[in-house]
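Copied over from Swiss-Prot:
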ACT_SITE  His54  active site
BINDING   Tyr57, Lys96, Asp500, Gly537  ATP binding site
BINDING   Glu98, Asn538  Mg(2+) 1 binding site
BINDING   Ser99, His100, Asn101, His102, Arg121, Gln245, Glu317, Ser318, Gln319, Ser540  substrate binding site
ACT_SITE  His100  active site, proton acceptor
BINDING   Asp122, Asp273  Mg(2+) 2 binding site
Amino acid sequence: MSLMLEPNPTQIKEERIYAEMGLTDEEFAMVEKILGRLPNYTETGLFSVMWSEHCSYKNSKPVLRKFPTTGERVLQGPGEGAGIVDIGDNQAVVFKMESHNHPSAIEPYQGAATGVGGIIRDVFSMGARPVALLNSLRFGELQSPRVKYLFEEVVAGIAGYGNCIGIPTVGGEVQFDPCYEGNPLVNAMCVGLINHEDIKKGQAHGAGNTVMYVGASTGRDGIHGATFASEELSESSEAKRPAVQVGDPFMEKLLIEACLELIQSDALVGIQDMGAAGLTSSSAEMASKAGMGIEMYLDDVPQRETGMTPYEMMLSESQERMLIVVKKGREQEIVDLFEKYGLAAVTMGKVTEDKMLRLFHKGEMVAEVPADALAEEAPIYHKPSQEAAYFAEFQQMKMETPKVENYKETLFALLQQPTIASKEWVYDQYDYQVRTSTVVTPGSDAAVVRVRGTEKGLAMTTDCNSRYIYLDPEMGGKIAVAEAARNIVCSGGEPLAITDCLNFGNPEKPEIFWQIEKSVDGMSEACRTLQTPVIGGNVSMYNERSGEAVYPTPTVGMVGLVHDLKHVTTQEFKQAGDLVYVIGETKAEFGGSELQKMLHGKIFGQSPSIDLDVELKRQKQVLAAIQAGLVQSAHDVAEGGLAVAISESAIGANGLGATVKLDGEATAALFAESQSRFVITVKRENKEAFEKAVEAIQVGEVTNTNEVTIHNEENEVLLTANVDEMRKAWKGAIPCLLK
């Protein structure tokens, strides 16, 4: 009997065993007070994992409350598996993004794969069919062999899981900066579709109803994964490989189909994914949200390893498992349904009225804890916040324009920067056409997926320029949301809502907490102005290696509604003779830019600035022009500035180029990263109508010369670049670095 080895309650207290599990002295004293006695080993484990930052948001809740979370289309905000937004005709879109950073740092293939699996379960546990996946990835520089290994394995893991399960990976972003070398970021997003009447909640209602366990069996993988995600990575992290779970996408495919059939049955009361903290979080949260209790008999848990203790079963994060509550007396229907898919469905407990979570094993009660205490009563910490030392210094710097000798060489060098370069090497490994609903494939501003049976589409994107946020968290936070919305608009979509993944360093450091606060302030303001509420998300703290934090990276996942698929617009030029317009003014803004990083090897100074009211006005004008059929192509101006944006629009086309004239100082005109700018092409016959509808400046026209030529206001040629050569450089950059 392995139970003999577990320390008794007195030992747990005297030897401070709780501290190894992640509880502080004060927290352990709180547990003692809640229970009116010392907790046993299993109970200490339950509290340690439910009160971790990963599950309780105890360090970030005061900040998260600033987000606007309601709107006329919002059907479900934060608090359930995923958020839900109405898209009309009794349909809704369900989406969420989550991080799997720490597991991916030590076991990149499985870490990334199970990140994808977990976020898919969050979406179908709401009753939705998953229709698309996206991701947002950060790595160190590709010159490092370790980074190459992480990059290749993470991409393979995402591809391996998504392709097997048959959900298209349609978009995302990959950025490279030295600060991510020891701590990559892997954020996965899933989007699903649902009819209003099918929406399910993770709630355990109805005393006497049956608690069932469905899906894969439980092993020792991932024990304390949530706690592991709530501490900094160190050399000893390698030893925590067992805390990384192993995914089985074929099992999950069956689980999706079984659960979507289950949702049509009136026998189902509630359903929740066993994610972080496994059985503990699913049971405690479902009971707490319903104001009920749950009793569970752990001998009935399907186990794939022998001699598992209650502690191990409750804290395992084995994948592809769900906890469901069904009406009493209807259990056999559920067993039969899951059996049809070759899956186990086992009765393992019941709903009670007294709000307690009780666990039984081998005939004895092994834990008795108030469900609310686990799910709702974690301490909330108002961490000290202090402006980062570098901030004032950066703010006071006069922004100098970098010295550029040769504009053409600089453009080619920028196109080969891994953050700008083609990500085809990445997305060619993903099946982005499975389910045959993908209208706009990876590589344009946003992906678009058809809403079957309608003329509508969903536009989706992930965005975050972490460098801007490092330089100025509040301004950068605004830009992250605005850029996501700009990408949706350029694709013909109306921005609906966002999910976020807040990736930061250690919140116990006041300067890091300041970054969190300020970036959330900026994001919240942008969400209010652009009317894109936050409907759910995830916080990932402690992204540090050897005390060095990553850049603050609050990734934005946004979904927009394309009201009619004929509005779908992409970034590449369409035909020679079309007029090229630029919307928005260019300033000499180079802080955090690709050019600054490339020339100086570091970033400094002020980030670009943004006026959210101006941003909103421009987005509305562009979207109206697209919906009126006046726009041929649209592309947001981001990393690398106008020269890169115009080149990308040419690279995506076949045999087309452009002749363009840009005013102002040449380096800024070409490469500055000022916000709220678009490159738009318009048919000549629509010139008047377009200029009436949109404040834009005509800068040139699309040609069939296969060259991009840019002049200054004196009509001197700044650069002429062959589009085939640019395409070759842009497409070859990442494969070349990986060789």
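Cβ from N, Cα, C; glycine included.
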Candidates Ser99, Asn101, Gln319, Asn538 (binding-site residues); min other-Cβ count within 10 Å returns Asn538
One should report the C-alpha separation between Gln319 (substrate binding site) and Asp273 (Mg(2+) 2 binding site), rounded to whole angstrom, as 9
If we take the residues Tyr57, Lys96, Asp500, Gly537 that the record assigns to ATP, their largest CA-CA distance in Å comes out at 17
Those recorded positions from His54, Tyr57, Asp273, Glu317 that fall inside 10 A of Glu98 (Mg(2+) 1 binding site) by CA distance are none
Spatial neighbours of the residue listed as 'active site' among the recorded positions His100, Asp273, Glu317, Asp500, Asn538, using Cα within 10 Å, are Asn538
Taking the centre of the Cβ atoms of Tyr57, Lys96, Asp500, Gly537 as the ATP site, the remaining residues of that chain with Cβ inside 8 Å are Leu64, Pro78, Met97, Glu98, Thr499, Cys501, Leu502, Val534, Gly536, Asn538, Val539
Ser99 (substrate binding site) falls, by three-state DSSP, under strand
Argmin Cα dist to Asn101 (substrate binding site) over the binding-site residues Asp122, Asp273, Asp500, Gly537, Asn538 returns Asn538
Candidates Lys96, Ser99, His100, Glu317 (recorded positions); nearest Cα to Asp122 (Mg(2+) 2 binding site) turns out to be Lys96
